[in-house]
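Record features, source TrEMBL:
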| type | residues | note |
| --- | --- | --- |
| BINDING | 66, 90, 344 | substrate binding site |
| ACT_SITE | 102 | active site, proton donor |
| SITE | 142 | site 'Important for catalysis' |
| BINDING | 185, 216 | NAD(+) binding site |
């Protein structure tokens, strides 16, 4: 089941629980604006190449729209729509004053030189500069983009609108990026996990964790959980997977992964089939890679008692049902991985004020937001007698619906 179908399904279930009227429900799903632009650039060999760039702006009832820009060969309009909508709900759960957006360019960044990527980014920015803005739509990095991409967008945008560091987040520190942004999603996963375990009378120390994915989110989560006394018993990434039931030495694994571009060949554990990572014996499973990895094929074999969704949409609805019958507690993606967008909000706030925070303040504020967020989700679970996923969705949809009605926008 693709991300759009699943997101729409969760939205409709939440709307039903909240008793929204049909017109309001329909208007909340329709995107505010969809933008599609042609970006033609000269390549390094002098030939011209054309790419399609797009931006889906889903909702701005609660504030400027916010969401990543990805550079990827298969940029599917349906998926981008789903991700833009997901950002609307994610910012609402986190209780930050944004709506959702998503965008990107259909290209393979690996096939382009740095100067070609720069030209492409600048042309894309020229095409959309009057449709994004500090109080309109604030892009951020996503797959295939990073701080350097944001620096180019900032520079190009500023040629039209004057120096505007708050127009994008995820910038290099030297151009107004926030301290703590790099670790933010992984740190948010740590705080979310702490809040959930606390509810069940447990703490991170002594729990056994399995982490699928060792990119930015997975590696930071592993490092921070390890520092908090958690035991990481297995880790996988695209290169392979390692297992050590006594606990992996995470600092050594990080060093190995950086030097060898992956976890494969790490001597501090036994190699295992990456396909079996999700069904390894553990207390807490953290999928931090791709969507749709937990499905009806493997859900029955999962041994974890808790699943923390660090990736977007890792659990299929069929798997959701199987797991809840088994009593597995799932902390949903729209809450669990919202640390990144929350610290993006802090970056935007710092840029607007022209006053930067130290890293300790960033991390403390993030902990406050994640802890309060979990409480709010639990309140909704009690009110509507539902699981954490529906608790998070009803919380989000309710906040957006109330802002929509207060503005007088409902049909």
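Backbone N, Cα and C atoms are what each Cβ position is placed from, and that goes for glycine too.
With respect to their backbone Cα atoms, residue 90 (substrate binding site) and residue 102 (active site, proton donor) stand 13 Å from each other.
The recorded positions listed here (142, 185, 216) include no residue with a Cα within 10 A of the Cα of residue 66 (substrate binding site). Here the CA atom of residue 344 (substrate binding site) lies 15 Å from the CA atom of the residue listed as 'active site, proton donor'. Counting in whole angstrom, residue 344 (substrate binding site) lies 15 from residue 216 (NAD(+) binding site) by their C-alpha atoms.
In the shown protein chains, 29 other C-beta atoms lie within 10 A of the C-beta of residue 344 (substrate binding site).
Cα of residue 216 (NAD(+) binding site) to Cα of residue 142 (site 'Important for catalysis'): a span of 11 Å. Our reading of the substrate binding annotation (66, 90, 344) yields a largest Cα to Cα distance of 13 angstrom. A distance of 12 Å separates the Cα atom of residue 142 (site 'Important for catalysis') from that of residue 185 (NAD(+) binding site). Apart from 66, 90, 344, the substrate site neighbourhood in this chain, defined by C-beta within 8 angstroms of the site C-beta centre, holds 67, 87, 91, 94, 96, 98, 100, 140, 338, 340, 341, 342, 345.
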